[in-house]
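Taken from TrEMBL as is:
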TRANSMEM  A:6-26  transmembrane segment
TRANSMEM  A:33-55  transmembrane segment
TRANSMEM  A:61-80  transmembrane segment
TRANSMEM  A:92-112  transmembrane segment
TRANSMEM  A:149-169  transmembrane segment
TRANSMEM  A:205-229  transmembrane segment
Amino acid sequence: MSQSTLLALISLLITVGSYYIAKALYKRHKTWWLLPSILAPVVVVFIVVWLSIPLPTYFEYTHWLVTLLAPATVAFAVPIYRERQLIRQYPLTISCGVIAGVMFGLTSTWLLTKVIPLPEELIHSVLVRSVSTPFALEATSAFGGVPELTALMVMLTGIIGMVIGEPLMKLFRIHTSLGRGVALGASAHGSGTAIATEIGQQEGVVASLTMIFAGIVMVICAPFFAWVFS
Amino acid sequence: MQLAHSAARFQLLRQQSKHVSLALLQIGIICLFAWGAHAVATALHSPIPGSVLGLAVVLLALALKIIPEKAIQVGAAWFIGDLLLFFIPPMISVIKYEDLLRQYGFNILLTIVLGVISVLLGTGFVVDRVFRFERKQHLKRQMAKHLKAQQLQKTHDTKAE
């Protein structure tokens with residue numbers, strides 16, 4: 001086996017390994033720095049730099065993990081189907097929430113990039129940051145974004161939403177179960193959904209529905225949004 | 001004693017391997033749907049990407065009971081539960097953008113923090129109000145249904161007398 005193949009195999013191993021180890025650790029101790037979304041990438045970056053693995057070698061096998069994002073998107077059909085009762089009960093609330101979430105996400109980020117100086121490639125990559133990664137990676141090309149930077153922006157959004165979501169909603173008196181669930185799903189996608197699930201069952205369900213629908217809207221309307229927010 | 005213990009362990013192992021093989025099978029089914037939808041979307045030059053098209057197809061198939069929920073439930077749970085694993089690799093390429101991130105790190109964080117606050121509060125504010133309105137409507141409808149049922153019952157009772 002050539003050295004490059006060996007390093008590529010090690011890359012895949014440490015990526016999968018550090019993710020599952022971080023997940024297990026976070027299950028036991030709920031501290032922020034053990035979050036799999038923080039610990040796993042940090043550990044992998046550290047090892048890749050330490051072993052000086054070239055990036056193309058790192059991606060030789062790990063890019064197969066990224067191809068699984070498409071079937072993961074398809075898998076979202078199951079929670080939509082399972083929670084059809086809730087959708088039928090509150091169609092107006094959920095659709096208003098999804099539209100508000102996508103529009104607030106795009107306009108706030110767009111306005112902020114007008115005020116805060118950022119380089120071109122980052123501006124294009126940060127616009128879709130409020131939707132879940134599989135959708136964001138699909139939509140970002142329409143905005144001229146870089147997939148890798150987009151993935152990072154989405155992840156940072158999730159972590160920040162996870163930290164400030166609950167206290168902020170208490171402070172500003174967002175009380176209803178659907179209000180909280182939709183707000184968390186729209187602002188912090190998967191991480192927000194995790195927090196919402198800790199608050200309550202209905203909050204969690206509605207957060208995940210909002211996250212999925214917001215992602216779908218973002219992907220389908222991406223060419224139009226890219227034309228408006230350019 | 002020892003024998004019973006090892007038998008129980010064997011049983012557990014068998015159950016676990018059964019669960020894993022079921023999950024793998026379902027993961028395969030979902031992948032087939034995704035890649036099939038991707039192929040169709042590319043062939044038709046569809047503006048909607050294959051993954052979202054696949055989602056729509058599977059949802060329709062579930063709604064029409066063409067595929068039972070049980071056939072993909074375990075696989076879907078794995079995909080959604082371990083979603084994070086699939087986008088660790090793109091995040092590793094931040095190594096390539098080290099200088100950019102070092103230089104603009106603070107501005108990026110500021111943009112995202114303020115962005116998250118606006119989405120959270122804006123959406124929460126809108127949904128809180130819409131939900132209160134819709135819940136009231138929902139309750140009214142249910143009350144009306146209830147009253148109607150009661151009335152029907154009453155007329156039925158008087159007729160019976």
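Indices start at 1 and increase along the chain as displayed.
Backbone N, Cα and C atoms are what each Cβ position is placed from, and that goes for glycine too.
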Annotated stretches the transmembrane segment (A:61-80) and the transmembrane segment (A:205-229) touching (3 or more Cβ pairs under 8 Å): yes
Which of A:6-26, A:92-112, A:149-169 has the most Cβ pairs closer than 8 Å to the transmembrane segment (A:33-55)? A:6-26
Give the nonlocal contacts of the transmembrane segment (A:149-169) in its own chain as ranges (CB under 8 Å, at least six residues past its ends). 32, 35, 37-38, 41, 121-122, 125-126, 128-133, 136-137, 140, 180, 183-184, 187-192, 194-195, 199
Against which stretches of its own chain does the transmembrane segment (A:6-26) lie, if we need a Cβ under 8 Å and a gap of at least six residues from its ends? 34-36, 39-40, 43-44, 47-48, 51, 53, 57-62, 64-65
